[in-house]
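Participant: After the structure tokens below, expect a handful of questions from me.
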Amino acid sequence: MSVATDPAARPRKPSRARVVLGELLRRPRAAFGLIIIALMVFAAVFAPWIMPQDPFAQSFDGLDLMGAPLPPGGDYLLGTDLLGRDLASRLILGTRTSLIIGVVANGIAVLLGAGVGITAGYFGGWTAAILMRFTDLMMAFPALLLAIVLAAIFQPSLMIVALVIAMVNWVQMSRVIYTETRSLAEREFIQVQRAIGSGPIRILFKHLLPHLLSSIIVFGTLGISTTVLLEATLSYLGVGVQPPMPSWGNIIFENQTYFSTAPWLVFFPGLLIVLLALGFNLVGDALRDILDPTLKGRH
Amino acid sequence: MWGYLLRRLFESALILLGITFVTFILLYLVPADPARQIAGRSATAETVANIRDQLGLNDPLFVQYWRYLAGLFQGDMGRSYLQRAEVASLIMARLPASLMLMVTAIVTELIIGLTIGVVAALRRNKPADHSLMIFSFVAISAPQFVIGILLLYVFAVQLGWFPIGGYGTWAHFVLPSVTLGLLGAGWYSRMMRSSMIEVLNQDLVRTARAKGLSKLRIVTRHVMPNAILPIIAMIGIDIGLFMSGIVVVESVFGWPGIGQLAWQAIQRVDIPVIMGVTMVSATAIVLGNLLADLVAPLIDPRIKTK
């Protein structure tokens, strides 16, 4: 039970991450997921350079003589939307929206969920009773309804949408972490730390957090997928990301009245939403197999 | 068992009480003024003030909350601000459509999910297994509005097999049920697969094989009944998923249920209706979770009711 000093801990850390990455790449499904995520991140970061057209420009060339949107092909790779804007460019910029919300909203949800779970699990007693009753209450809330009401109350901006999603999504993480922390807190190595008078902060960061990291990573990854889907749904209902800022959900929202004559306006954004959520689900699922030794050999 | 049931019922009631409180405060914070909505654009400030007074909107938050709670205990959920009707009767008129949709969705997800799970487990690590599992990953990664719109495009607009929307005959049920049930089908197929594999590795299968039973008989009589049990316990929890799903699915398909009612009420800030649907949904979720917790120990006696 020696406390690892920094120089000793250093060389192990990157090798552990590399081992996990290697394991991921060896599994075809997880590797496919990683490729999707990598491509999306690339598109989001380099959006201004790879967008073929201005995503906000409403050009007359973008509509046919009847004023209808153009199908894929020709000057516009994936066609145009109802306002004659280039769909491909809007989708690429929409990648940014999805990933920013995915990372920010899920980041907040992870911090909040893990924080509540650890606090309740470590201190137990009244703290746990109050926090976990509150979690139960949030579990019984119809999540989408709550998100819509919250989004309608506050004027939806990118930050507000992220916060609303975080408020809905932290619950599951907090329950998982609570259960794990509670069983860890009973274990001898934590009891020893308590007995020798280590403060809660020290126990938390030095001894509890390393054991909880696997679950946080797994549920954090799966949570991004939930977040991406919720953002798309809110934007589709018109209470999420607001036009003209493109999001895959609001592209479908803006164009759905035309879906029978211009199905590409629903098909391409829909495909991207599914792919991004699929990428994080595949990687998260593989991470669970790799990081959770109790599940090994069951599949 | 009875003590456990009583305690859980008490907890559920407390949770519902908490939900009335949280929802009430959230809706109190809505910046839109319901009185102005009711009065219309051309109303004078005086008219608006009168309506505010009539609705009791000038009273302090806790007075309003207490009045709502007192009404709720007598089965009174208030009146809609915009439709000339009691909230309770608006909900009751639309509840059957939503419940029917949920029942058909549960049937759909069980049929699709269990079939895929069984086939995948029996063809474990073969190409069929891999492609079925990819399908279930896609099913849990696809937002319901995308599934719904695509199904509408292919099967209603292009092929014309099903109506484009609305409610009435059995044909109206097919596309909305699949849309609502696909997510659960994805989860169930993965659970059923690992549950089957677990049972297949148990001694009872070896014994059955030693007795000389046919493979079909072993799978249908011995493995499947054991593998299905843990999944049955999950159905209660689905109700929570459905309560979120119906808002989207009903708006895509123009389904006259409480999801559509909620969505219309949110757009028009009809607070009593939003409140009412939230309470009905939350009650359904709490009852569903309670059901799941009560069924689990019956199915697996190792789970104790403390």
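Here the Cβ of each residue, glycine as well, is placed from N, Cα and C on the backbone.
Straight from TrEMBL, here's the annotation block:
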type     : residues  : note
TRANSMEM : A:30-50   : transmembrane segment
DOMAIN   : A:95-284  : domain 'ABC transmembrane type-1'
TRANSMEM : A:99-123  : transmembrane segment
TRANSMEM : A:143-168 : transmembrane segment
TRANSMEM : A:212-238 : transmembrane segment
TRANSMEM : A:258-283 : transmembrane segment
Participant: Looking at the stretches A:30-50, A:99-123, A:143-168, A:212-238, which one shares the most CB pairs under 8 Å with the transmembrane segment (A:258-283)?
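Facilitator: Most contacts with the transmembrane segment (A:258-283): A:30-50.
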Participant: Which stretch from A:30-50, A:143-168, A:212-238 shares the most C-beta pairs under 8 Å with the transmembrane segment (A:99-123)?
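Facilitator: Between the candidates A:30-50, A:143-168, A:212-238, the best contact partner of the transmembrane segment (A:99-123) is A:212-238.
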Participant: For the transmembrane segment (A:30-50), could you work out the same-chain residues 6 or more beyond its ends whose Cβ comes under 8 Å from its Cβ atoms?
Facilitator: 24, 92-93, 95-96, 98-100, 275-276, 278-283, 285-287
